[in-house]
Amino acid sequence: MCGIVGAVAERNITAVLVEGLKRLEYRGYDSAGVALLNGQGQLERRRRVGKVSELQAALNDEPLAGRLGIAHTRWATHGAPSERNAHPHFSGQELAVVHNGIIENHEQLRAQLKDLGYVFSSDTDTEVIVHLLEHTLKTQPDLTAALKEAVKQLHGAYGLAVISAQQPDRLLAARSGSPLVIGLGLGENFLASDQLALRQVTDRFMYLEEGDIAEIRRDGVQIWDVDGKPVQRESVQYHEGAEAADKGEFRHFMLKEIFEQPKVVQRTLEGRLGSNQVLVQAFGPQAAELFAKVRNVQIVACGTSYHAGMVARYWLEELAGIPCQIEVASEFRYRKVVVQPDTLFISISQSGETADTLAALRNAKALSPEQGGYLASLAICNVGISSLVRESDLCLLTQAGPEIGVASTKAFTTQLVALMLLTLSLGQVRGALDKQLEAELVDELRRLPTRLDEALAMDAVVEKISELFAEKHHALFLGRGAQYPVAMEGALKLKEISYIHAEAYPAGELKHGPLALVDSDMPVVTVAPNNELLEKLKSNLQEVRARGGELIVFADQQAGMSNGEGTHVVNMPHIHDLLAPILYTLPLQLLSYYVAVLKGTDVDQPRNLAKSVTVE
Ligand code: HGA
């Protein structure tokens with residue numbers, strides 16, 4: 001994924017920019033570039049396809065030096081990976097821009113700007129921004145004021161860094177849907193899409209918020225909010241290891257990672273939502289063309305990722321109208337499979353190094369078209385430089401950040417978010433998805449981090465309920481529809497970290513066998529959003545109560561369920577039914593966590609398990 005670095009200083013900043021790009025390499029990219037204002041007051045740039053090391057080599061051959069500059073690693077969405085499409089993009093010799101995100105109305109703006117005489121030298125959506133800014137400067141000569149004016153015309157997502165030969169004292173930034181952070185130095189200041197890129201130069205950061213525009217000078221920073229009002233953003237001191245390697249205020253990594261979910265879900269959505277629709281290009285420049293051809297989907301994954309894929313099957317068939325099959329990778333890889341024509345192969349893995357999933361992908365790719373090969377492969381993964389991502393045709397990276405706890409939590413919910421984005425993209429491109437429903441879901445996705453915060457606020461209630469499991473050896477988890485895989489994930493979490501034997505069933509299956517197990521020693525956990533299956537689920541729960549089973553029900557506020565003898569109801573925030581699997585996962589994670597703490601197990605490193613399963 002794209003990365004941005006910028007700097008304004010009194011020293012030559014070429015090395016700072018290149019080092020920043022190197023630190024962003026893990027995100028995955030296809031080309032890199034840098035532009036600086038040189039000692040003669042001219043903008044100069046170097047761009048290369050491939051790794052930052054290629055750019056570095058180009059800079060060794062033809063050095064650049066300057067005190068104001070911007071740099072970028074590009075992961076193409078509009079226009080092939082090539083030197084002419086690599087950022088920074090120029091308008092004339094005066095103005096340079098780097099951009100993360102997608103400009104949805106780029107075609108319309110391109111046509112207007114061409115009519116005005118602007119000549120385009122790339123196929124990117126980004127180039128419209130730099131010409132639009134130059135055009136705005138004709139009536140509004142102040143660069144900051146012109147940027148404020150110009151961004152009003154952009155639809156879509158952007159994180160922008162801008163420099164001008166006319167205004168050598170400032171680096172400008174604009175954020176809408178794609179993150180940016182300012183790094184505060186002594187007599188010099190920096191900008192990046194991720195603070196990781198700037199840790200070698202500073203430990204003080206200021207995070208831009210949605211709609212912010214910033215003017216960054218050597219001796220200060222000025223920020224305007226979405227309404228154009230001057231604002232102060234808090235500056236935060238970074239402590240080494242404050243992110244991944246430190247549990248902070250939390251007792252275990254797992255609990256820390258559970259509580260990180262609103263933030264990482266937000267990050268996974270960033271740059272991928274347009275005003276009313278999902279930005280299909282976020283899957284890559286060929287995605288729309290390819291998605292239009294997809295007639296079937298095959299998902300392959302292991303463990304928690306497999307459960308994410310199971311939820312996606314409900315979504316893909318309901319929203320995109322695409323038949324979907326899912327299988328665990330360790331089975332799929334050793335089976336002779338019959339491939340339906342035009343099937344998209346999707347692999348899901350946190351690390352991207354899961355041995356079985358990787359082998360399944362390689363088998364799938366080895367099938368020739370005559371043998372009924374797959375249309376293309378797509379990876380949903382948390383690690384940009386992983387084998388799975390490198391070997392797949394397309395990828396969508398989850399932005400969960402490093403996950404230390406062996407039991408996966410934030411990786412799962414961000415996979416669900418990525419799979420919902422994929423479903424909406426496929427539905428949109430194939431014309432199978434109602435536009436109003438898509439707009440509604442995009443809106444709900446934007447609110448999702450807040451809903452997740454509300455669910456986490458029920459922490460103490462869930463902790464209390466966990467006491468019911470202290471002496472138990474078995475538990476049943478029930479769900480219906482897309483909540484069935486959520487119940488499976490809940491059971492897996494409980495098994496993994498508390499070593500309590502737990503099984504998940506579709507609630508309607510209860511009477512076909514597992515009901516025989518139900519007695520007062522068998523707690524039954526149920527997820528009950530307020531959907532059309534609720535009444536059926538309620539009947540299933542009566543069947544449990546009639547046998548003396550103790551019920552723990554996570555139910556929608558509007559589901560009309562209340563506490564009773566042997567029934568413990570936790571009221572969940574109301575959410576769109578299609579997104580409920582993401583929300584209802586959280587209390588099940590918390591439940592497992594607190595049960596494990598009560599049992600005194602090694603929560604972060606449960607016995608016999610490893611984080612990245614790189615063996616068969
Ligand atoms: N749309 C721009 C930037 C792509 C991006 O942000 N990728 O993560 C381009 O294609 O150059």
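Just so you know, the numbers here start at 1 and follow the chain as drawn.
Every residue gets a Cβ built from N, Cα and C, even glycine.
A TrEMBL annotation is a machine prediction, not a hand-curated record.
Since this is a predicted model, take the numbers as computed values, not measurements.
As annotated by TrEMBL, active site, nucleophile applies to Cys2. In this view, Cys2 (active site, nucleophile) is surrounded by 24 other Cβ atoms within 10 Å of its Cβ, with every protein chain counted. In the three-state DSSP scheme, Cys2 (active site, nucleophile) is classed as coil.
Here TrEMBL flags Lys611 as active site, for Fru-6P isomerization activity.
The feature domain 'Glutamine amidotransferase type-2' is assigned by TrEMBL to 2-219.
Positions annotated as domain 'SIS' by TrEMBL: 287-432 (among others). Across the domain 'SIS' (287-432), DSSP assigns 69 helix, 28 strand, 49 coil.
Across the residues of the domain 'SIS' (465-606), the predicted structure has a mean pLDDT of 88. Residues annotated as domain 'SIS' in TrEMBL: 465-606 (among others).
Broken down with DSSP, the domain 'SIS' (465-606) shows 69 helix, 30 strand, 43 coil.
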